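Annotated domain 'FAD-binding FR-type' per TrEMBL: C:6-107, in sequence order. The [2Fe-2S] cluster binding site annotation in TrEMBL covers C:Cys243, C:Cys248, C:Cys251, C:Cys259.
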Amino acid sequence: MKIINKSEFLGLMEKWISSPGLIAPVNVAQTFRSADKEKNLIVFKKIETKDEVLADYLNTVKPVKDFFLPPSTVFDYERKDEGYNFNLSEVDGKETIIFGLRPCDAKSITLLDKVFSEDSEYKDSNYAKKREKTVLVGLACTSPDIACFCTSMGISPFSIAGLDALIINFKDSYVINTVTDKGKNLLGSLGKEAGREIDEEIKTLEESVKLKIKKTCNTSKNLESSFESEEYWTKVSNSCLSCGVCTFLCPSCYCFDLSDESAKRIRCWNGCVFLRFALMSSGENPRATKKLRYRHRVFHKFKYFREKFGENLCVGCGRCIRHCPVKIDIAEVVNNA
Amino acid sequence: MNENFEPKIIGFLCNWCSYAGADLAGSSRISYPSNVRVIRVPCSGRVNPLFVLRCLIKGADGVLVSGCHINDCHYSEGNYHARRRFAVLKQLLDYLGIDSRRFQMSWVSAAEGDKWAKVVSGMVEEIKKAGPNKQFK
Amino acid sequence: MHENIYLPNLCKIEKITDETPDVKTFKLAFLDESVRNNFTYKPGQFVELSVLGEGEAPFCLASSPTRRGFIECSIKKMGKATQAIHDLLEEGDVVGIRGPYGNGFSVEEMKGNDLLFIAGGIGLAPLRSLLNTTLDNRTDFGKITIVNGARTPKDLVYKYEYETWQKAKNTSLHLTVDCADESWSCMVGVVPKALKEIKPCCDNAVAIICGPPIMIKFTLPVLIEMGFRPEDIVTTLERKMQCGFGKCGHCMVGGIYVCKDGPVFNYAQIEKFKEEF
Amino acid sequence: MIKKLQEEVKKLLAEKKVNMVIGYARAGDAINAIPYFIANPEECGALIWDKTCIYNLTNYLIDMRNKKVGIIVKGCDVRSVVCLIQENQIKKENVIVIGLQCAGVFDKKGAELGAVGRERAAKCKSCNVHTPPLFDILIEDKEMNQKVLQQEDSYKEIREIENKSPEERFDYWKKELSKCIKCYACRQVCPLCYCPVCVADQTMPQWFSRSLSLEGNFAWNTVRAFHLAGRCIDCGECERVCPMGIPLRKINKKLEKEVKELFGHESGVDAEKKPLFSTFSKDDPEEFIK
């Protein structure tokens with residue numbers, strides 16, 4: 001690990017704004033809710049000036065998947081004499097740095113990689129190109145809230161899975177932990193060796209932050225037995241509104257919708273909790289009730305994805321609990337299944 | 001405003017009065033600007049505010065809804081409903097920042113060919129002042 | 001296959017035949033020479049046909065891979081995309097084709113068995129692809145029985161091929177309709193009832209069913225009663241599909257992506273799906 | 001107050017007058033409240049009532065149209081029950097309304113942190129229905145009557161926006177509405193958004209773009225607000241649930257103000273009155289018509 005004082009690091013960040021381009025969490029709240037005193041709406045945004053970048057925040061509302069799997073135009077086309085010619089909205093392949101994402105978002109990117117870039121047969125070329133061209137510089141999480149449960153999902157507030165480098169806010173300086181070679185050639189040459197006792201302090205700091213996380217999610221439990229229990233899943237999904245908040249804000253939910261409009265094909269987000277997600281044009285809907293839909297969401301995250309890829313499709317970031325209009329708690333649902 | 005800007009105006013004309021009025025204006029050779037693309041509807045009450053919204057958002061420079069005068073309506077209450085509906089829509093569009101001159105409403109009976117010409121030329125003048133609708137490009 | 005998995009290949013519509021008032025069969029040829037030559041597929045696979053600007057929808061390939069140079073899709077007017085296909089497309093127009101997707105029928109394993117084709121309405125399309133493939137190398141397969149049901153006589157598709165199927169070696173064709181009209185001479189009644197009358201023998205036989213879920217639901221027990229083993233009953237699952245390559249999530253049944261791991265499953269696999277299909 | 005509420009609900013369920021009661025219960029994190037569906041009388045102990053009970057539960061009546069249901073409502077929520085009855089979506093004899101006298105609930109942040117003394121929700125500052133206008137059973141709040149509940153002018157922010165110039169207004173709304181991610185939480189939470197197929201989901205015809213372009217977002221939020229003109233009862237749920245913090249109430253309140261000024265119509269007050277757009281009056285204003 002290396003250590004560098006804050007002002008030097010911020011100076012470096014300013015350089016990033018111009019050279020490869022920097023994306024970081026910014027508070028874009030203009031008038032959040034008409035009466036809320038705290039005006040905070042934190043999202044990833046392209047940075048123009050240095051002071052926009054936030055130092056202390058819990059997490060962004062929209063996860064970093066919004067950058068890799070954005071709701072966007074896939075291609076547009078115009079008629080040619082014999083047919084059509086397509087102009088693909090290709091990724092411009094420009095280098096970018098994403099700073100300030102939390103370890104839970106970074107872990108979710110490794111889960112999305114399994115579906116979109118590591119699938120040899122059907123690889124999403126745009127996604128893969130963006131992944132190559134982007135350097136993920138995470139910021140360790142020091143103040144989790146009651147909805148976080150990343151520790152039960154195999155990661156921790158300081159974990160480096162999916163990151164190219166991790167920055168830890170340590171007293172009055174930053175500790176840099178470079179992970180991949182992308183991270184190394186961006187930050188490798190910086191700061192001086194941290195030395196053993198700082199490593200120890202970082203460890204204890206990590207343990208103390210871990211203790212702050214009270215919520216647990218028992219993922220080793222075999223959900224299979226509860227699949228049939230009509231009564232449990234009805235009780236749990238009774239208050240669900242079938243809106244898209246949990247699936248859209250979830251960093252690892254990747255279901256999408258392809259649709260054609262006037263002169264372009266667009267891909268936008270979709271979620272299995274919507275009523276019309278599995279509705280067929282013949283009018284049949286295999287998942288017509290809230291119970292079936294919510295049960296499918298939980299099983300896809302905590303059973304089906306694990307059977308196929310070996311890991312749960314959840315990183316414990318707590319967004320779906322924090323932003324659910326009726327406070328449905330997925331960790332509780334899994335624990336009591 | 002550049003002079004050669006020809007606004008595109010969508011006109012929803014009720015079949016029994018305004019459409020006949022416009023037809024009368026044509027047959028009695030009254031000259032008026034030809035910017036209004038007329039869509040014939042059974043009654044001004046048939047016009048769904050969604051049509052007006054979709055026209056404006058898709059880039060039309062102006063929308064005109066024209067129907068029978070009050071208690072001339074062939075279906076007796078179509079224009080009452082339209083009047084109430086579009087009074088609210090006009091306020092909403094204005095509140096959200098869409099230039100209020102872009103959506104207008106008028107009563108033109110089957111005998112008022114000249115009034116139709118006046119309404120159209122008046123509206124074209126105003127939309128020319130308002131300029132092309134680039135808000136949603 | 002394009003580098004971008006969402007990009008379709010362009011196809012020209014060579015021929016449109018009206019099968020029934022709401023079903024049309026489109027004969028398509030790829031514009032791009034190289035694609036036309038090495039576009040290979042298995043019976044039972046499907047393609048995503050898109051009318052650019054209107055919409056895209058999955059359709060099974062009704063033509064047999066043994067007859068090269070063109071592909072055929074039979075399309076019933078149901079939703080937005082199919083409405084656009086039926087109303088806007090004429091011969092000579094260009095459509096987009098993505099695919100082939102899905103696992104298709106495992107023709108190799110069916111070699112040497114008797115085949116029982118059970119089709120309901122537009123369900124005959126994927127079976128026609130398999131049927132013509134088996135007829136083109138007829139000697140590899142045993143006895144073929146075809147049971148084709150529809151609601152009314154004018155809902156029967158591919159009438160022009162019944163002749164050739166009837167006359168093929170060791171093949172019997174049985175037609176049945178739910179409600180007949182005056183010109184109807186063959187059986188009347190739903191497919192399960194017709195099956196009971198025909199009583200196909202079940203040893204060393206594979207049953208392939210395709211049609212509306214209601215028909216599959218009532219035909220399966222009849223087949224089990226007749227002694228067909230669940231592994232020998234093959235059917236296609238109907239689900240909403242959009243991407244076709246196991247990512248968009250619309251077609252999931254349990255942990256299975258029907259578009260990529262299916263749509264052809266045998267009944268033993270389907271029983272394991274906890275979610276009722 | 002909670003004791004009395006629990007007894008009333010237990011009595012209702014025991015006498016089989018209703019087969020389910022919808023109320024509030026404490027969430028797993030012991031801070032938030034969650035909607036709670038009770039079928040057997042023993043579970044009434046879990047019922048709670050305090051400032052974190054911010055949800056408008058009438059939304060769940062829509063999927064229970066043919067069952068006899070008891071519902072626990074605050075003053076502002078019960079107006080949506082009246083609206084639903086007005087629009088023949090639910091039959092009054094199927095619903096038993098348990099009204100609560102309410103002195104105001106937390107705003108979204110307050111409800112999540114459960115902090116005492118946290119700011120009251122904006123809608124409560126200008127609330128004039130502390131005692132529900134319609135109820136079958138009323139649960140009084142003894143201390144509430146003494147408190148002087150001052151009433152702010154609820155259209156203050158609306159006037160601020162009205163005084164801006166059209167360009168400024170468009171820029172303000174363009175910035176706000178471009179944040180929308182079309183999760184449709186505002187539609188799913190609203191008790192008066194019950195269309196089987198929403199205009200936004202229709203494909204034949206597809207009214208406006210599904211993409212998050214300015215055109216798509218503007219169209220969606222405008223149509224949603226217009227469909228609630230003269231119906232919205234200002235329960236504030238749409239603004240509360242919006243994850244992107246778009247001030248949706250400011251659009252609905254504007255329409256509520258216009259509808260009151262133009263036609264003197266107030267939503268959800270009297271069950272016999274016809275909804276705004278299904279009737280008309282001879283002397284509706286028409287100076288905007290040429």
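The backbone N, Cα and C atoms fix where each Cβ goes, glycine too.
Within 10 Å of the C-beta of C:Cys248 ([2Fe-2S] cluster binding site) we count 22 further C-beta atoms, all protein chains included. When other Cβ atoms within 10 Å of the Cβ of C:Cys243 ([2Fe-2S] cluster binding site) are tallied across all protein chains shown, the result is 27. Apart from C:Cys243, C:Cys248, C:Cys251, C:Cys259, the residues listed for [2Fe-2S] cluster, the same chain places the Cβ atoms of C:Met241, C:Gln242, C:Gly244, C:Phe245, C:Gly246, C:Lys247, C:Gly249, C:His250, C:Tyr257, C:Val258, C:Lys260 within 8 Å of the centroid of those Cβ atoms.
Taking the Cβ of C:Cys259 ([2Fe-2S] cluster binding site) as centre and 10 Å as the limit, one finds 28 other Cβ atoms among all the protein chains shown. The DSSP breakdown of the domain 'FAD-binding FR-type' (C:6-107), given as helix, strand and coil counts, is 15 helix, 47 strand, 40 coil. C:Cys259 ([2Fe-2S] cluster binding site) falls within a helical segment according to DSSP.
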